[in-house]
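One structure is given below, encoded as structure tokens.
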Amino acid sequence: MANVTDLQTKYSKLAQEYSKLRAQNQVLKKAVVDEQANSASLKEQLKQRDQSLRKQEQEMDSLSFRNQQLAKRVELLQEELAVSEAKGKKGKHGLQTQSVFDEDLQKKIEENERLHIQFYEADEQHRRQEAELKARLEELEKDAEQHQTAVDLLTTKYVETIERLQSDKARLEVKSQTLEREAKECRMRTEECQQQLRRCQSELNRQVKQSSSVIQEKVPFNDTSEYLLKARDVAGQALSFIQDLVAALLNFHSYTEQRVHIYPLDSSIEPISPLNQKFSQYLHENAAYVRPLEDSFLQLYQSITEDTVTVLETVVKLKSFADNFSTYTHFLQKILPYQLKSLEEECEAPLCTTALTAKNKELQSDTKKVTSVFEKLQNYINLLALPSRLTHTSAVFTQLAACLHSLHDAIKEMSKHYNQKAGIEQELPTVTQKLCTTTECLLGSLGSLTSSTGKIATFFSNNLDFFTSSGYNPRGCTVALNPLQAESMLANKKKAAIYINAIKKVQQSQEKIARLEQEKEHWLLEAQLGKVRLEKENQRIADLEAQLAAALGGSPNSQTAAASTLAQSQEEAETELRATGKETTLCTSLVGDEESREQLIKTHYMARVGELTTQLQISDSKAVHFHSECRALAKRLTIAEKSRETLSDDVKMANQNITRLQDELATTKRSYEDQLSMMSDHLCSMNETLSKQREEIDTLKLGSKGNAKKNKGR
């Protein structure tokens, strides 16, 4: 869970960086659009000036041609003047012709000076325009370099972000594989425990039946172990569902706050309305109201142990959960007017369609209904937290189950309407990628909220019989327990356990005394048998001594034989004395009298009874050991099942996070690629524009140089 939380934190940081970069990108887009507009205007101005320049060149060409004609005319006139001067003055007609020629020549000279002045002014204007266009071109090239640098930086940052997300994805996949492997090992251990449990099931069933009969006859109160285990198991499941609900509520309020900052006004571009600012401030504080729900219910779950009496009247931690739930309900009531006003403000947006307005109206109704259902839940939970004033708990639990189903239906309806609204919003021309991403996250939180409330409602309905059961009530009593009675009952239960343990110790002492008595009898019999054997050996020794004395009175060979017979008899006696008790007893019984035989048979059967008693005691101790081991295995199996469920949930959450991160990575990558393609297209168009401008400037330079050469030639 800690790794998932770290991933969520990293993802939130990435989302913040992404939003900042989006804002910067929008500024760059605006600057690029402005530059495109400026470039278009400059192109238009350049085109107009080019046209005026061509017109002036045409005029200059026509003036040059006219000037050449006039120059030729002047030359002809000068030649004619020279001819006329050579011939001399021929009267009044010649003077008049000369005056006409002089006047025409003067007009042509003045017209030529005027044309030279116009040409000089046009040349100066062309030079100024050329200098201005060069300066503007240098500025555009600098701006293009700056834009290219910004694009390179953004590309590098986006690539690093994608690589970091890919590494996080790989790490999550490794963790998922590790969790799957651990889950497989847990399943194998569970199968082994189940096999051991099946082997001991028959013996346990027999002991359970025997213990149940003893409890029904001897114990004055109900056996509460099954009820206690059931209560703790139910509380654990409820804690898991409450944690899912808390996570869904936190995501829903947080994404609602992000949406308020984006739509209908983007806070990164222009300030949002004071109402939405207040609404955002309240939503930012949602964790202070939602987190205590999980913490208080965790304390309630931890208060249910094997040493407590768990009934509605004794679960004091339920009061803390009820208080926190009431606080959260008040928080919902506080933000309800702002939610309704925020939806009305969305309806007042310029591009809000009729269909979108209708969906906002439906969402207003859904929000009111959800808040109303939470208020009903608050009332029922507060009633359960005050059991001393409550007489019909079963009716309250039934109404609470129905109210949970109503909450699930209301949130499901809200999620459906929000999905429809998101579909309509995506068709608007002003929708941004930031709004689409936030809306998708908000829809995901609503889906989680719908799923968690549905699970809670189903779980509560399935366990309704358990919630309305009597639990710890004494046999034949219909009055609910109060905390003092529960404490007294718990003390009596501990005393009974101590008393039963004392009885077990007495039984063990009695068994030990019986075993010692059997050993005492055994050794007494051994002592008697030893005494009988000693007397027989003394008799044999006396007989041997008599034979030895008789032999000593005979021949030497007979004495030697008697000595050897005596030695052999002594060796046999020593061998018989070293033999074990049973073998000696058996040999003696074969050669002894009737009384000794009976005594040996009795001893044999007593030894056999002792062996059987020992085996019986060993079997009893093994049975007790197996019984305790089976109980421990059953507990371990329960813990393993819970751990398996927890690990399965973790694996599901990890898979969901991986899927969500993959989707977000694909979305981010696609948006980055689109932005990069747009920027590349823009840069290509800018380069084409710059190249065209350079070509036009080069053309103008060449044209101006050609005109200058023509003017110099003239």
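The backbone N, Cα and C atoms fix where each Cβ goes, glycine too.
Taken from TrEMBL, the feature coiled coil covers 123-210 (among others).
The annotation coiled coil is assigned in TrEMBL to 499-554 (among others).
What TrEMBL lists as coiled coil is 644-671 (among others). Same-chain neighbours of the coiled coil (644-671): 1, 4, 7, 11, 18, 161-162, 165-166, 168-169, 172-173, 175-176, 179-180, 182-183, 186-187, 190, 240, 433, 437, 444, counting only residues six or more beyond its ends whose CB sits under 8 Å from a CB of the stretch.
In terms of DSSP helix, strand and coil, the compositional bias 'Basic and acidic residues' (44-58) has 15 helix, 0 strand, 0 coil. Residues or ranges marked as compositional bias 'Basic and acidic residues' by TrEMBL: 44-58.
The compositional bias 'Low complexity' annotation in TrEMBL covers 559-570.
Across all of the domain 'Protein phosphatase 1 regulatory subunit 21 N-terminal' (12-105), the predicted model scores a mean pLDDT of 77. Feature annotation from TrEMBL assigns domain 'Protein phosphatase 1 regulatory subunit 21 N-terminal' to 12-105.
According to TrEMBL, the region 'Disordered' annotation covers 39-62 (among others).
If you look up TrEMBL, you'll see 559-578 (among others) marked as region 'Disordered'.
Outside the compositional bias 'Basic and acidic residues' (44-58), and at least 6 residues removed from its termini, the chain residues within Cβ reach (under 8 Å) are 122, 126, 129, 133, 693, 696, 700, 703, 707.
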